[in-house]
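Feature annotations, courtesy of TrEMBL:
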COMPBIAS  619-633  compositional bias 'Acidic residues'
COMPBIAS  1282-1295  compositional bias 'Acidic residues'
COMPBIAS  1327-1338  compositional bias 'Basic and acidic residues'
DOMAIN    53-307  domain 'EML-like first beta-propeller'
DOMAIN    328-592  domain 'EML-like second beta-propeller'
DOMAIN    719-983  domain 'EML-like first beta-propeller'
DOMAIN    1002-1268  domain 'EML-like second beta-propeller'
DOMAIN    1407-1678  domain 'EML-like first beta-propeller'
DOMAIN    1698-1967  domain 'EML-like second beta-propeller'
REGION    609-633  region 'Disordered'
REGION    1275-1298  region 'Disordered'
REGION    1327-1356  region 'Disordered'
REPEAT    250-264  repeat 'WD'
REPEAT    330-362  repeat 'WD'
REPEAT    900-930  repeat 'WD'
REPEAT    1235-1267  repeat 'WD'
REPEAT    1698-1724  repeat 'WD'
Amino acid sequence: MAARSAPSCHLRLEWVYGYRGHQCRNNLYYTAAKEIVYFVAGVGVVYSPREHRQKFYRGHSDDIISLALHPERVLVATGQVGKEPYICIWDSYTVQTISVLKDVHTHGIACLAFDLDGQRLVSVGLDSKNAVCVWDWKRGKMLSMAPGHTDRIFDISWDLYQPNKLVSCGVKHIKFWSLCGNALTPKRGVFGKTGDLQTILCLACARDELTYSGALNGDIYVWKGINLIRTIQGAHAAGIFSMNACEEGFATGGRDGCIRLWDLTFKPITVIDLRETDQGYKGLSVRSVCWRGDHILVGTQDSEIFEIVVQERNKPFLIMQGHCEGELWALAVHPTKPLAVTGSDDRSVRIWSLVDHALIARCNMEEPIRCAAVNADGIHLALGMKDGSFTVLRVRDMTEVVHIKDRKEAIHELKYSPDGTYLAVGCNDSSVDIYGVAQRYKKVGECLGSLSFITHLDWSSDSRYLQTNDGNGKRLFYRMPGGKEVTSTEEIKGVHWASWTCVSGLEVNGIWPKYSDINDINSVDGNYIGQVLVTADDYGIIKLFRYPCLRKGAKFRKYIGHSAHVTNVRWSHDYQWVISIGGADHSVFQWKFIPERKLKDAVHIAPQESLADSHSDESDSDLSDVPELDSEIEQETQLTYRRQVYKEDLPQLKEQCKEKQKSATSKRRERAPGNSIRLHFVHGYRGYDCRSNLFYTQIGEIVYHVAAVGVIYNRQQNTQRFYLGHDDDILCLTIHPLKDYVATGQVGRDPSIHIWDTETIKPLSILKGGHHQYGVSAVDFSADGKRLASVGIDDSHTVVLWDWKKGEKLSIARGSKDKIFVVKMNPYVPDKLITAGIKHMKFWRKAGGGLIGRKGYIGTLGKNDTMMCAVYGWTEEMAFSGTSTGDVCIWRDIFLVKTVKAHDGPVFSMHALEKGFVTGGKDGIVALWDDSFERCLKTYAIKRAALAPGSKGLLLEDNPSIRAISLGHGHILVGTKNGEILEVDKSGPITLLVQGHMEGEVWGLATHPYLPICATVSDDKTLRIWDLSPSHCMLAVRKLKKGGRCCCFSPDGKALAVGLNDGSFLMANADTLEDLVSFHHRKDMISDIRFSPGSGKYLAVASHDSFIDIYNVMNSKRVGICKGATSYITHIDWDIRGKLLQVNTGAKEQLFFEAPRGKKQTIPSVEVEKIAWASWTSVLGLCCEGIWPVIGEVTDVTASCLTSDKMVLATGDDLGFVKLFRYPTKGKFGKFKRYVAHSTHVTNVRWTYDDSMLVTLGGTDMSLMVWTNEMEGYREKRPCDSEESDIDSEEDGGYDSDVTRENEISYTIRALSTNIRPMLGIKPHLQQKEPSIDERPPVSRAPPQPEKLQTNNVGKKKRPIEDLVLELIFGYRGRDCRNNVHYLNDGDDIIYHTASVGILHNVATGSQSFYQEHNDDILCLTVNQHPKFINIVATGQVGDSADMSATAPSIHIWDAMNKQTLSILRCYHSKGVCSVSFSATGKLLLSVGLDPEHTITIWRWQEGAKIASRAGHNQRIFVAEFRPDSDTQFVSVGVKHVKFWTLAGRALLSKKGLLSTLEDARMQTMLAIAFGANNLTFTGTISGDVCVWKDHILCRIVARAHNGPVFAMYTTLRDGLIVTGGKERPSKEGGAVKLWDQELRRCRAFRLETGQATDCVRSVCRGKGKILVGTRNAEIIEVGEKNAACNILVNGHVDGPIWGLATHPSRDFFLSAAEDGTVRLWDIADKVKKMLNKVNLGHAARTVCYSPEGDMVAIGMKNGEFIILLVSSLKIWGKKRDRRCAIHDIRFSPDSRYLAVGSSENSVDFYDLTLGPTLNRISYCKDIPSFVIQMDFSADSSYLQVSSGCYKRHVYEVPSGKHLMDHAAIDRITWATWTSILGDEVLGIWSRHAEKADVNCACVSHSGISLVTGDDFGMVKLFDFPCPEKFAKHKRFLGHSPHVTNIRFTSGDRHVVSAGGDDCSLFVWKCVHTPH
């Protein structure tokens, strides 16, 4: 008999022997109840030592490898390995799951830790980046994630004394993390000189920022902040694996087998050496330690758990043991006692007592053990070894009887014969040896039939036969004891086997799946008495089958717990227990066998909760006892809803077709037509494959769906309104408990669920995110309306629970492998729900981010049936489901209580009422029931006889299958499979409201020649006539013998011709639909049928067998046949004279035939246009070339129809689009208007006789849609639901150099910056040092070496500089950033940015303060306008890839006054963040990225939560801003782009701006945004116009608001006035800044008095009576509104780099010279702090220098010229150009006599200034190997040191220019200044990480003891001088962008000035001197 049902007995896990000590640590703790929690294999164990009892947590599906205990010590978090590993948080008391965290990590979860209050959990993954992830575990939500480290992380912990800080450690690193917003930012621990860099294995945090960590060498490293402050050496002799902190102090455990206890300051208390104790042994290694009070728990590498009481520390208790390293294969049970024997690769054999749950004996062997057997009297124990030997021991005392080695390969199986005389030994070399027991195990026979290794053996009961299995799956028999093979099946038939452990054989066929030949079952054991068989396989699963099980694919029960291979499984001798052993998890599981159970015991086996189901899934054998699936359900389960092309694929496909389109669009394309259509009425309701999708709304309208349309039907007025947000078939619909919102789910690749309002028909939220695939089949709201559950039609039918308003996924789980039809949320408990479907009823509860499902328990009451509907009853326990056999099942909790017969055939719909229920079934009957389904109160049969007179149509058949029922407003609403919606009055009469075609494609459509009616014919074998006038109903219907594909009215409207699918056609009377005549001349279906115009004399009938027959209507004869088409005919049209036919075929041919004979004609395409056609339904030819879309390969245009005025061509295509084109549509890819309502193929479109309506047919959605035609000029103010056109027009968006630069700039992050100078050669720290000639002895009598540097102008005491503090910055980033200057504090302060610094600048005093937390350049800045968030600023920065690491782009939100960081948002905008904007409430932040998709993201910034994100545009977006009054509406502008966005839940919906309303408006590049009342938006364009938009439609253009691009716009919130800023030449009337009224009609212009030729405004902001302007020229100007006075607040260089820098010899002045051709004089004295003067040189300046007295200035230019100015008058004293290339450095000698000029022509020229301003060169230095970088004079003016571009430093004599080679002489020179980056004295400034980058500049302080440098990474560093040691210690100061180009000390060493390359900014740092 086939085991069609699983056995009714059961296994319950009773005990697990073992503890996972290998490869895991810190996994053993005391719970609050003093129980011990740990894990082994895939099971969490809670062990109570007092009661010696274990509880198990079995929610994992694979090995657990990490564990953390909640601070309250009741909850436990465990993490597992696997491809999609998850974390479970569970209660150690009830062992129930509390929360599941998943979908983030891969490979496995290596570490876990709870924070101090237990709200958050941190996890570390095993993936290549060792991702660190922080969770809000109760909500199952990830808060933050970052790559952890490039190598393994071993431990992680929250700092319990500082909030939001964590520490992690691992291979050669320790990292200190801070969590802010969603950003986890690490700082690496600095080992410094205190300790060696090495692997840190464990850690614990203490107060005062102290962290203790255990290292691999046994030391303990103590950290303060991120620095190592001391080490405790030799704390252990080897690696410290575990560290545990408790109230008393710390416990550590190491590989040396010792436990050490330390007090709270880490002073040692005591040592416990476990190796020395009784139970100890050599090599004991501690993996986990837990100290609580006077107890210490210790877990070891070898799977032992010790408990130590501190008072008796030398007597540890061994409370758990298990096998350790290597695999565990050997298992035997004692024949008479409850004992089990196991043996493992750890060479130990162990005997376990199954009653006491304890190890009672252990013996270590010489070799790894692979198998074991006990003989029948229980005296001998035989062990098979891996080396081919076997050993026999006495069980009593484990002494050896015999050891025999006859084989070389492992012994894998051995067994004693039942009579005890023989031992059979199976070896991996394919032989079985037989030994005689009594003859001291002498070999008596061998069996050699196998060709592969022996896997299993069984003896017959009489000990005369042996059967074997081998690795090939062969089963062989041998006669004993000789070992002769038995081949006769007859002989074997009668044999009774003593045991059954073989995996192949007739009796165990059923253990293998039906269609598999795999060898993954490792062990079986048969229980003859209980008739059950237990099996163990490679997947960690234990299964119970009935025994024998003969047919493949038998049913089973399955049990999980082992992680991977279960190597062996055996029944105990009395069949009370099953013992199973795990190969890799070294564990022994003991299962209690519970025979045939009664329901009364069902309590103690409440189904095990787990994420993987523990009761067998019905395995897939023939379900012969399951009733046939109902035909309707069968049909429905076969629908896959898969599409070749989804709407989501269109953008991609278009992208691929870009090239094609480019070539085509060069021609001028026609505009889209002026007409538009609007959906007016839809005939149809989706009942054939959907259920319970029909409801009354609050106000009694009816809501349902068909195709891609949500329909709201008003039955009083017979009108419809539509929700058109979906773009493909809607599959399910449910209504909110308040009956005002509706949720609908659709088909799609990533299908969305829309929640929308039935009043306004606006979407409130859209849910998607890759959780469902292909479609959403069921949705349901919770009783409070806050949550929504949904089910997908992907392969695992995923169930998702949503917080729909936020659009957030709360929980997710795999539903079932078969289709789920219903999901229902429990009305009383929002965390519970049920799903029902094919052979499926499941009860779920939410656990964090997961859902835990339990199958309904059917027991003996019923069979596992398919459930079609389900509802909850009057308590939270009660549920009811309707089955496919017509029963209603009543459930309590998860148990089936009873079944009630309700219908004949399936129960499709159920509805719960206050008192009772209503059901509907396939039998067409609606039944009302009492509240317990005891009695049926009333039934209504849906029959034609009961139809009330007001019905809008006709019932097609009696008792149609009922698919949806809903009650309300005194009626029962019924939806049928035939697409009818009926309203049943309680008293009986039935009104039909809506109907459509039934299942089957609909193709045939004809409109009447002079009445508003149309006819349709469908594959559902009906012909129907519809009224299109306001009564909207089906007038007549007739059943046909076959389905039809086409129909046509005769010109007089009296006859109707219908073409059928069998090749026949008929003509019927158009009123009565009775037959007039019919013909059957063709075999294939008739595809089009047409009467000739005029009198309708001829009828042309086209068929799929490529012919067109022409009939004479009057005499009903065939008069002609048109031949010559190579494929089936798709469309035919007559010309107006009735003489010519135009034909389209499936091969895309356009043919012409003459009527009535059918002769083929060839007509040139030019002529075709001239012919007057009676109708045009053709889709081919030049006149409609433009209707084929860009992606013509994947989609066909199926139908078209031309209006009678020949102006507008309507088309329908395979993607469900209805489009309108201007006719004729010549040229490829015409412009159109497009409408989505049909889901897939639109099969036909027809205009009515007067063009007032368009009728369209959906092929597979069976709906007939009626659209009204709205002529040009007729425009209700409503959002246009059409999209303009597929292709963005290729018109140029306009050009402006500033816009182009901003668009094309590529931002490099600092870490990747390369050298700014083209240096060549070997870097100084890599050069070989030349030995100096006179290495002086350390002590000598010679005179002391002179000072390296002359130190004249500093006080007596030299004080080193210990720190630099940023004091001023001259610079503002206006060149490529915008909208980045704002007022704060009512205009007292302004905030802006440059480089990576946010600057708060006080307008009155000029003093500045800085936000310096960004680690790279800031690109955008915005201020929160909400009064709750005063002075809150958001800034976005550059970054590289979006991997969430520290160099990823990020946004910082900070307080401008105290510079506190409030939140950091790491984002997926790779490259950088280019725009940020706060919402109206200030709680949301919008950001735009520079990534290729220009992603737009919305954040809840306080939590760091990303709400929504979507690709913005394929070209650059410049700005996106929230509407000032909204949290959901925003606008983005960019290159040829303006989009209007709505945030709905987590979805971003966008509408492109519509231009078509204004003539000649073209899409140009948009640059700025402002807002007005009543949904007005203003966008500034590149041409200087401003566009004004109402909603998303362009309503006017303010022409030439500026002459150049409008870069900045600002909306004043208090009065609505708008400021615009643009690029203009200043003129009398115009100005670059204008102030406008609220509607941009009048303005006032302001001129910026900057003296520039053009003003280019980049940022505007308006305060009280003042306008703040930021310009492209790095100025920030305040303009008074009343007097138009300009006050320049901030100045900076316009273009960089700033190469030249010179500080005044005695005053707080300095000069800077830059690429922008200016030299500027800055005063940094306390009161002034601003630019005093600037000189325009007309050429880029490269270097600048003061004379020693400060009265002259020399300037070197890029063109080789140099100039000397007098400081007092700024007059030119002299100038000269002796070189053609850039001057790099220029220097006055200290005696003011000489001027040295160094250039990139590898030369230094000397000029004698005493000879006057003629400046004749007196000499120059020769043989400099590369360009000159820096020069310094000696103090006595007689030497000059030159550093050059090949990393070499040279010294020359002045003025001769002779090269000085003598090292000793050079060493004795005292220099006046030192700015060289080269030379032994400054070797230490070159860093290790400078492969691609350089140190660019240096300067030694006037005191001669400090040195500052600037480098390509943008760092300023402070060193001691001299620093000859490599990689000298230093302090680093960040702030500049890449490339610091020059750096100088000011006089008196009061300040350091650094000049920036990329950031064109000057930073002034205050020097902090060491106190005396």
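Glycine is no exception: its Cβ is also placed from the backbone N, Cα and C atoms.
Each residue of the repeat 'WD' (1698-1724) gets a DSSP state, and the totals for helix, strand and coil are 0 helix, 18 strand, 9 coil. By the Cβ criterion (under 8 Å, sequence separation of 6 or more), the domain 'EML-like first beta-propeller' (719-983) is not in contact with the domain 'EML-like second beta-propeller' (1698-1967), since fewer than 3 such pairs are found. Within the repeat 'WD' (250-264), the DSSP-based counts of helix, strand and coil residues read 0 helix, 10 strand, 5 coil. 1407-1678 is the stretch from 328-592, 1002-1268, 1407-1678, 1698-1967 with the greatest number of Cβ pairs below 8 Å to the domain 'EML-like first beta-propeller' (53-307). Distant neighbours of the repeat 'WD' (1235-1267): 643, 647, 677-684, 686, 688, 706-709, 722, 724, 726-730, 747, 979, 996-1012, 1014, 1016, 1018, 1020, 1026, 1028, 1032, 1198-1205, 1210-1219, 1281-1282; these residues of the same chain sit at least 6 beyond its ends, with a Cβ under 8 Å from one of its Cβ atoms. If you take every residue in the repeat 'WD' (330-362) and average the pLDDT, you get 91.
Taken through DSSP, the repeat 'WD' (330-362) splits into 0 helix, 21 strand, 12 coil. Outside the repeat 'WD' (330-362) by six or more residues, the chain places 14-15, 17, 52, 54, 302, 321, 323-324, 368-378, 381, 383-384, 386, 393, 395, 398, 567-574, 576-577, 579, 581, 586, 588, 590 with a CB less than 8 A from a CB of the stretch. Each residue in the repeat 'WD' (900-930) gets a DSSP state, and the totals come to 0 helix, 20 strand, 11 coil.
According to DSSP, the secondary structure content of the repeat 'WD' (1235-1267) in residues is 0 helix, 18 strand, 15 coil.
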